[in-house]
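Positions annotated as transmembrane segment by TrEMBL: B:27-44, B:50-69, B:76-95, B:101-123, B:130-149, B:179-200, B:230-252, B:264-281, B:288-307, B:319-341.
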Amino acid sequence: MMMNDMASLGDTQTQAPDRHIGDVILDLQGISLSFGGVKALTNISFDVREHEIRSIIGPNGAGKSSMLNVINGVYRPQEGEITFHGKVRKDMDPHRAATQGIARTFQNIALFKGMSVLDNIMTGRNLKMKCNLFEHALYWGRAQKEEIEHRKKVEEVIDFLEIQSIRKTPVGRLPYGLQKRVELGRALAAEPTLLLLDEPMAGMNVEEKQDMCRFILDVNDQFGTTIVLIEHDMGVVMDISDRVVVLDYGKKIGDGVPDEVKNNPEVIAAYLGTSH
Amino acid sequence: MLYREAGQFKASYQEDQQIFPIRQDKLGFIAILGFFFVVLPLIASEYWLQAILIPVLIFSLAAIGLNILTGYAGQLSLGSAAFMAVGAFGAYNFILRIDGMPFIVALLLGGLCAAAVGVAFGLPSLRIKGFYLAVATLAAQFFIVWALVKFPWFSNNSSSGVITAQHVEILGFAFDTPVLKYLLTLAIVAVLALVAKNLVRSTTGRGWMAVRDMDVAAEVIGIRPMRAKLTAFAVSSFYCGVAGALYAYTYLGTVEPEGFNLDLSFKILFMIIIGGVGSIMGSFLGAAFIVLLPIFLNVAMHALFAGSMPAGLGSNLELIIFGGLIIFFLIVEPHGLARLWQIGKEKMRLWPFPH
């Protein structure tokens, strides 16, 4: 697997934190979600282990994005139990998910179009900034110190993603591939423990996909971030994932390491096609 | 050639995060401040100070208020004039009913009253957006004006709610001449403009803009849309309230609730559309433009058809040109004069070279 190559390459430059996959940090049991009569997800169970790259694949409308929305609290499932970091979740909203260290990117770019790249990524730090409105109004002392301190962190993210030259550009003016990268930057600025990526490579050309793959692997490798990935490019998924879960019509039809999934007849029939 | 940032290196984030990171901008701004604080009071006539400069400053402040709400937080409002009224009547009552109430404190308290009312009428924004929210704020506009007329307590039982502002006195020093009133207004507006700029470049402002641009993503990254919207309503109404109090105390002297009508709200909305939505400087440009335009048209028309102008043509022509300009700006430059200024600066940086 490419993953091992990357890890061994990385060893020479930075001493990577232990990339070995740890315990289960997110456990979903019997998740069902419906909108009126439409069943988006039916009795889905799977888990995500620490430091792993976990992919969710499936044909269009299979419920992949709904699954991510359940994980970060945008949707609340009617049935099922979610355990995150050993705690069973009762009530959930996106804000609380963010405070618990879950960040995500969106299928359709959801950047703040009127703001610069720098400001967009700075919003990722907002939960870690403690000053109040009145301190902001003065922009003096603690507020200014805080702004500078977090700017440093944001600059690290900018360096990591190699977008130094566009930091002052309004994101609306950037090409698609770079916008996707800025969106990843905004999520990374929050220093998440769990990163949800919804089709980070959709609509990209080969070079852009390679760049994005490298960033995803580096995030996983250097920061030890656990990643849940939705992607349609099977080459990428099979290459970089540790484990893959396959959805079809809201049901789970396969789960396991890429080789296992590739040879699962049900998955082949539903998704990969019989010629595979 | 003069406007170049070449050779100005920033060695710290603090230097990079200044309001005016380019030296020429900073010097230009200091020059403008000096002109307004020192030169204008010396050379401007009483008419200019009282009828042009003071209202421009006050409307700039109200426009900053609306810009915070509409331009930065993306919540459309048609109630700015009503919030100004709350500020004016609030300050009036604090000075009237509390002995020895300092003017500045009354001004701020008037602003805080407006902020509280603004938050109350901002609550619908948690559920509705865009035009529907504009209609909800329209309710604030009509309700507040109605309440100020209906309950004579607000105007100390004067007929039809007219109030006459008390004399402005700070620490025993009377601000009674146009020059002094102008300087007082300018100082207050300058400080509040700086505060607004600080707010929009900090986490608060980023929260507002994030909610404006993409509220779902804002929530996912940990910004609370509810809090962002309500703080925007509070801060915006505070600015409108202080502007309203100044409107009564340093500009007109006598105000009535009907003076803070929907027309005034629209006027402030036009100021930010022409000046620049989402720009503090645009608020000043828009206010100056809209106060000066009728005066300019008046002078121009008198020069053109001296004496032979039919009565009423002037004011109608003003409305026609006004409407035309609004449409022009919405189509050609939705970001207003502030954006034109920015484009001009970007061109200046390269001039005389094309690239």
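Cβ coordinates are placed from backbone N, Cα and C, and glycine is handled just like the others.
Away from its own ends, the transmembrane segment (B:230-252) comes close to residues 50, 54-55, 57-59, 61-62, 64-66, 68-69, 72-73, 75, 77, 80-81, 83-88, 90-92, 103, 106-108, 110-119, 121-123, 125-126, 163, 165-166, 168, 175, 181-182, 184-185, 188-189, 192, 196, 199, 204, 207-208, 259-260, 268 of its chain (Cβ-Cβ under 8 Å, at least six residues beyond either end). Most Cβ pairs under 8 Å with the transmembrane segment (B:50-69) belong to B:264-281, among the candidate stretches B:101-123, B:264-281, B:319-341.
Highlighted: of the candidate stretches B:27-44, B:130-149, B:264-281, B:130-149 has the greatest count of Cβ pairs under 8 Å to the transmembrane segment (B:101-123). Distant neighbours of the transmembrane segment (B:76-95): 62, 65-66, 69-70, 101, 103, 105-107, 109-114, 117-118, 121, 130-131, 133-135, 137-138, 140-145, 148, 154-156, 163, 165-166, 236-237, 240-245, 247-249, 255, 257, 259-266, 268-269; these residues of the same chain sit at least 6 beyond its ends, with a Cβ under 8 Å from one of its Cβ atoms.
Same-chain neighbours of the transmembrane segment (B:288-307): 52, 55-56, 59-60, 267, 270-271, 274-275, 313-314, 317-318, 321-322, 325, 337, counting only residues six or more beyond its ends whose CB sits under 8 Å from a CB of the stretch.
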